[in-house]
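According to TrEMBL:
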type	residues	note
TRANSMEM	255-277	transmembrane segment
TRANSMEM	308-329	transmembrane segment
DOMAIN	588-753	domain 'SSD'
TRANSMEM	589-610	transmembrane segment
TRANSMEM	622-646	transmembrane segment
TRANSMEM	652-675	transmembrane segment
TRANSMEM	695-722	transmembrane segment
TRANSMEM	728-753	transmembrane segment
TRANSMEM	800-821	transmembrane segment
TRANSMEM	1070-1090	transmembrane segment
TRANSMEM	1097-1117	transmembrane segment
TRANSMEM	1123-1141	transmembrane segment
TRANSMEM	1162-1188	transmembrane segment
Amino acid sequence: MSPGYCAFYEECGRNPLIEGSLIPPIVPCLNYSRARQLTGQHYRKLKQVCPILDHGENNTRACCSLKQLSSLEMSLTLSKAVLIRCPTCAENFAHLHCINTCSPNQSQTVKITKVMNITQLGETKEVVVGYQAFLSTTFADGAFQSCQNVRIPATGGLAIATMCGRYGAKLCNPQRWYDFQGDSSNGLAPLDIDFRLVKEGDTEGLPKGVIPYNGRALMCNETTPSGGQVCSCQDCQESCPSVSHPPPPPGPFRLLGTDGFLVISLILLCLLLFRLIDPSEVTCAERNSMAAQAFLSLEFRNWGTFMATYPLTVLLLSAAVVAVFAAGLKSIELITDPVELWSAPDSRARQEKDFHDTHFDPFFRTNQLILTAPDRKGHIYDSLLFGLQNFSGIVSKDLIIELLELQKRIQFWSDDLNRTASLKDVCFAPLSPNNVSLTDCAVNSLPQYFQNSIDNINAKVNMTELGVTKEVDWRDHLIYCLNSPLSFKDITDLGLSCMADYGAPVFSFLAVGGYENDDFTNAEALIMTFSLNNYARNNPKFKVAMQWEKEFLKIVQDYQKSPANNFTFAYMAERSLEDEINRTTAEDIPIFMISYAVIFVYIAVALGEYSSWKRILVDSKFLVGLGGILVVGCSVLASMGFYSWIGIPSSLVVLQVVPFLVLAVGADNIFIFVLEFQRDVRRPGEKREEQIGRVLGNVAPSMLLCSLSESVCFFLGALSTMPAVKTFALYAALAVLMDFILQMTAFVALLSLDARRQDNNRCELLCCVTVSAQHPKKPNEGFLLPLMRKYYAPVLLHRYTRILVMFVFIFMLCGSVFLMFNVTVGLDQELAMPQGSYMLDYFKYLYKYFEVGVPVYFVTKRGFNFTTVEGMNAVCSSVGCDQFSLTQKIQYATNYPDQSYIAIPANSWVDDFIDWLNPGSKCCRLYNANINNGTFCPASELAQRCRRKCMVAPPDGVLRPNVTQFDRYLPDFLGNRPDLQCPKGGLGAYDKAVVKDASGEIIASRFMAYHTPLTNSQEFTAALLKSRELAHNITMGMRQIPGTSPDFEVFPYTLTNVFYEQYLTVVPEGLFNISLCLLPTFVVCCLLLGLDLRSGLLNLITIIMIVVDTVGVMTLWDIDYNAVALINLVTAVGISVEFVSHMTRSFALSTKPSHVERAMEATANMGSAVFAGVAMTNLPGILVLAFAKAQLIQIFFFRLNLVITLLGLAHGLIFLPVLLSYFGTSTFFFHAFLGEPMTLKIQLCSISEQCKSGLL
């Protein structure tokens, strides 16, 4: 072949071998002739389309006609729509096709392989329908490398994925890239081009006279000859600046080469044990507290006598007060929305959610199926086009059709719409938001690759490739679409589109799951997702959406039970979490009722005296026990009613935890009061009412100490920012306070009535029946008191036992300190589900089969000017953009997904808007002046009607609209539906991503990326933290742009942020809340014991040890630390007060001469009451909770409360007596309190003088 000759020239009509092409397949005439010299319009057109061939108007020859240049321009326009963001790539792409079509030496680089005769207008012509194009590998590789990283901002994917056929971006190489371009079955190539890539100097096998084209392909970091700028970093790795690797996450805290917390715990253990070596008795300190103790005892004595004297009146008034409070329950509001429950309205995540949902639509409602077929065998398919391909058992034709039929089932009658409703009434339809039809609904599933058409799935056709004819069917189409989901036409003779019937692509990770290395057809699962609009709860369509989801769940559940079902699958609806939580709460109510019943039976039995069988019905305390339970119930009702009156909503946590807490407090006080009364002997001449008053005077200060400590503790706990913790603390504080008030009134009156009945030897429940046997005169000590006095206390407080106890408990404390720093923070959402819930299967499938995580939006607020060149450059990532722009920084983060938790870069409406405006594509055109007054003309309109471009190409290729152009064309871009002619249209992808105010200022916009798969709360929390760090970095950079408001902000928004934000602060929040709870226990103890700082400190130390040990056991028993655990730890402080404070006060007021004897007395007298009242009240009820279905109840109410009760019991009845025996206060002479006022005053003065003089 000679230089300067053409192989073909001019257009000769349509290719008769191609049907269903996306653009007219016009082919050239076979014409071996000299290249033509170009002049005039012909030359100017060549200079515009193929500047690489321009050598001046009088010195330029080419092998293409004006018509061919116009067709080539139209073809290149389609490609430039996605490649123009990298001018070098677009130039190289045009370079290749200009050489093939127009090169003056065409006959040297092209060899005709197939011609046909066609008849047009009665004239038969010979046309070229296939040829070979010879390229050097140097040019081919260079051109490919300049394009292989160009991105499509709308999807975050690579443009090369749409231009490499079945191979996708990952397996694409130069040969496969060119093969796709030359494949006439792709819907774009008008004829078959067989690209032959030849190494330089390799002439073997070359046809005679052929010289492979060896032009120079530009590198992506070079400027183009026409002045185009270098490609951006996002599209060209060579253009990227040097970005340092992010620092690795901090390692574990270490000291001396080992775990630092372990070292600290060992040092603490040694220090505490060293302090224990020589315990010394503590001398008496100055006391000024006797008057306070005497005052409290006398006041409660008088109060008790008065209450016992008028029991019926007191009970009636108490009932009236409770009724007034409880009446508020008629307007009670229960919080069931997890967002309202766990995220404070003024928290950052909540404010960000409110901002997002206000300016953009709330995140759509997701309803999903993940289907597998583990028992079905796969097969190997020998494809004509793709070779041997593995197909798993789930990827089979019959299952795809079955999935399609399931997809179409859901419809129902809607009372809200007064007609039959279906998916189209509530679905998310991004490309057709108005007048929605069923095919407009965003349903992502594998059948969408066939446009949900059974005919398309069943389609098959014989196809010839390289001389081999075979049948192609659904499998060939599926292979192609899974690797190239953005294609409008596959490369098979089926000619089917890969786009979903609603007009958008279905990405492979949304259709199949459980695959490796992009081997999609060998996937283990099919995924089907229905997206519904997230209407406001007061919108009638919200009820329709909820009803649709209910029908969806019903149909899916019925289908799962059907014997004809061939799938094993998991499923969920948007409403599923709330439904399952509410269901399990209702199912576990009987468990709680049984628990309360067990506690009631225990209290009723344990309070009885049982001196003889004859008096068993007289001495039993069934009604007293019932009264105690009613007092607890009334206090809870009064608390709930009061807060309902003032508009503070309740929650299921309150209903489940507060009664247990108040029961523990109330039962303890009841036992202390009743047992003290039973152990007391009425003095000569003393009335029964006076005895009750005197006994109340003895024990009420202790009851006040505990109740006031707990109530103040919980009121301070209400300072928490977590709504669930705050609500619980408020309800618990008032309930504990009301419980104490009712015990001081109604229960005293009830005990007085019961004492009168018992004095008259009347049977309980059968008050008319009397017995002859008399009540014994000696006090009734019961079973526990003698046992603890005779055996337990002496053994516990033996010299060697005390040392052993101190060692064991100090060791436990130090070990728990170490374990506390290793507790897991978080709450996996599976734990909120009951055992056996279908949601547990869904979470398992989700973590196993999904290949990407949840979307994350980077949202901009008001205060940034997008309309300026500087503003656009600070956001975009195409040519001319800042190297550290918003989208570019997100791109850098995806390079380190293990640390950033971002897998897919953000889409960018700014980038696509700029590309959409580029005159190199046909997206933004204007009607001719005489048609529609020069308004926007969509790409689907004929070129003759829309000859004007919106903008003129700039010399440097960096296109930026001015402010007027930006404001004029942005609405057109956002409303332009994407199609083959203009894939950059913003409708669907961006129409809701940009929000303007009335003045036209952009007040909010968003850029969507994807997280990596997140499988537990620790990963969700880390992803939130990292995305916030990235957003802050972006914010700081964008604030440097001139004109940006100083308070401008970018923040990340993910649907899950409101749930996981609490774990960023739950540790300091917990320390703050627990510290607030510990403070009143110390202060109140000191005050009510008369400024006894030592007793208050010992009390505080023991409670702290209980809390620390509880957290340590949480680590060992796999109980995560979270808001629910925090509520229980706050409760632990309250219950610990019951175990500890009664003992501390009993010791402080003992009259025994030595510390050990006082500890023995306190252990026997008060320890038996605490054991019977707190431990034995809690334990039976807690054990019943082990049978609850809800995992949250099993873990955080059974396990954790069991730990709290056992540790409280151990510290209160084992450790505290020993601690007091070493470090407790000196003798307090409490017996002086019980004298008459005048005697008491003399004794107090005497004691005060002795203390001052140092005699005590």
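Keep in mind that glycine also has a Cβ here, set from the backbone N, Cα and C atoms.
Please treat TrEMBL annotations as automatic predictions, because they have not gone through curation.
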Distal contacts, the transmembrane segment (728-753) - CB-CB under 8 A, six or more residues away: 300, 303-304, 307-312, 314-315, 317-319, 322, 325, 623-624, 627-628, 631-632, 634-636, 638-640, 642-643, 648, 650-651, 653-654, 657-658, 661-662, 665-666, 669-670, 673-674, 677, 688-689, 692, 696, 700, 703-704, 707-708, 710-718, 720, 1073, 1127, 1130-1131, 1134
Cβ contacts under 8 Å made by the transmembrane segment (589-610) with residues that lie 6+ beyond its boundaries: 616, 619-622, 624-626, 628-629, 656, 659, 663, 667, 670-671, 674, 678, 780, 782, 1172, 1176-1177, 1180-1182, 1184-1185, 1187-1188, 1193
Interface check, the transmembrane segment (695-722) with the transmembrane segment (1123-1141), three or more C-beta pairs under 8 A: yes
Stretch-level contact, the transmembrane segment (1097-1117) and the transmembrane segment (800-821), CB cutoff 8 A, at least 3 pairs: yes
Range from 622-646, 800-821, 1070-1090, 1123-1141 with most C-beta pairs under 8 A to the transmembrane segment (1162-1188): 1123-1141
Chain residues in Cβ proximity to the transmembrane segment (1070-1090) (below 8 Å; excluding those fewer than six residues from its ends, i.e. six or more beyond): 287-293, 296, 701, 704-705, 708-709, 712-714, 716-717, 719-720, 725, 729, 1096-1097, 1099-1100, 1103-1104, 1107, 1121, 1126, 1129-1130, 1133-1134, 1137, 1141, 1144-1145, 1148
